[in-house]
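Reading through the structure tokens given below for one structure.
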Amino acid sequence: KRLYKHCLVLFILPVIGQPVKSKRPKEPGENKIKPVNKKIKPKTPRMKERESADSSLKSQSILTQVMDKGHFQKLAATLSLAAGESIELRCKGSNVTWNYPSYLDTFKDSRLSIKQLDRYSQLILANSTAADTGEYSCWPQLCSGNKCRKEETKTGSTYIFFTDKEELFVPTPSYFEIVYLNPDKPAVIPCRVTTPSAEVTLHREFPAEEIEIDGTDIIYDAKKGFVFQHPTPDHKGIVYCKAESQGAPQISIKYHLLYVEVPKGPPSTTIAVSSSRARLGDRVHVVCTVLGEPDVDVNFRWQYPGQESERPVIIQNFWRLINRGIGHTTRISKSVLLVEDFEDIDAGNYVCIAQNLQGETTVATKVEQK
């Protein structure tokens with residue numbers, strides 16, 4: 001019995017003694033020592049930030065610069081190199097497409113070399129010049145049969161400044177350029193610099209004055225030039241840029257700003273014929289005319305009576321700019337079809353199809369034999 005009592009006491013004591021710990025009144029919020037969400041909440045944004053950073057790094061990681069002794073360097077958004085240096089870039093992928101300053105292709109520059117290897121593509125530019133300043137990017141192509149598309153999620157890109165004290169502005173092949181000011185889209189004065197730290201200002205030739213850059217309607221981007229966000233007729237005229245960087249200031253080429261205002265859409269097309277009735281042996285010409293935006297190309301196609309029989313005709317295309325007054329400029333494009341020696345086979349319908357990026361317009365006229 002005595003042993004039973006002791007065991008009972010030993011069994012009951014922990015139960016009796018348990019409330020002793022809670023004799024002190026609890027402070028407000030004391031039970032919130034280990035809230036469930038305290039550790040979980042910070043993890044969610046951290047993972048999102050990490051995923052965003054990883055995604056950005058993954059995008060850039062396909063494009064690297066080959067350094068000395070076989071080292072590789074991931075490229076940032078911009079890179080500055082001294083003109084005269086050579087550069088080697090590598091882009092991961094078994095079928096890679098490159099983008100670089102277009103003039104290197106235009107002049108088929110031998111300093112540029114591109115090779116596709118098993119796992120990457122190699123771009124080498126030797127003896128760089130200030131004119132090579134620009135964006136260099138690459139992306140893998142996803143191909144299925146004969147159709148290929150750009151793999152958007154794996155694009156690598158960097159803008160390279162090839163600095164040259166003698167050439168603060170990126171050289172251009174001309175000494176004068178036309179810039180069209182459209183009311184519905186930004187216009188760019190492309191006086192890009194080779195030194196990103198250069199101080200650049202914009203000047204009007206007549207009247208001679210510096211144009212105020214407010215950072216809102218007109219901004220400057222070293223990779224693009226001056227951007228007019230909302231062009232107006234007041235902006236038209238001749239302008240130039242001035243740059244300074246630890247030396248005498250340099251002046252860019254001149255830019256002629258032309259304000260344009262024409263409706264967007266398929267070509268506004270008309271057709272006219274020298275004579276709707278022609279005799280055998282007559283000289284007949286049909287003219288197809290389009291009025292449109294100065295910087296929008298127009299393509300012409302013809303359908304005519306003797307086409308299937310390969311009847312010889314002469315087709316000439318040309319265009320010019322015309323001023324419609326109050327500073328507005330329009331491009332007039334023409335296609336002329338000439339029949340030098342009219343025959344029976346030439347009688348019938350002459351159809352002109354004019355096409356631009358917005359669509360196409362078809363017009364027709366008829367020529368009969370007298």
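The chain as shown is numbered from 1 upward.
Every residue, even glycine, has its Cβ placed from backbone N, Cα and C.
Taken from TrEMBL, the feature compositional bias 'Basic residues' covers 35-45.
Per-residue confidence over the domain 'Ig-like' (45-138) averages 82 (mean pLDDT, predicted model). Sequence annotations record features per position, and here TrEMBL assigns domain 'Ig-like' to 45-138 (among others).
Here the domain 'Ig-like' (267-368) is broken down by DSSP into helix, strand and coil counts: 3 helix, 65 strand, 34 coil. Taken from TrEMBL, the feature domain 'Ig-like' applies to 267-368 (among others).
What TrEMBL lists as region 'Disordered' is 21-56.
Positions annotated as signal peptide by TrEMBL: 1-22.
With helix defined as DSSP H, G or I and strand as E or B, the domain 'Ig-like' (45-138) counts 27 helix, 38 strand, 29 coil.
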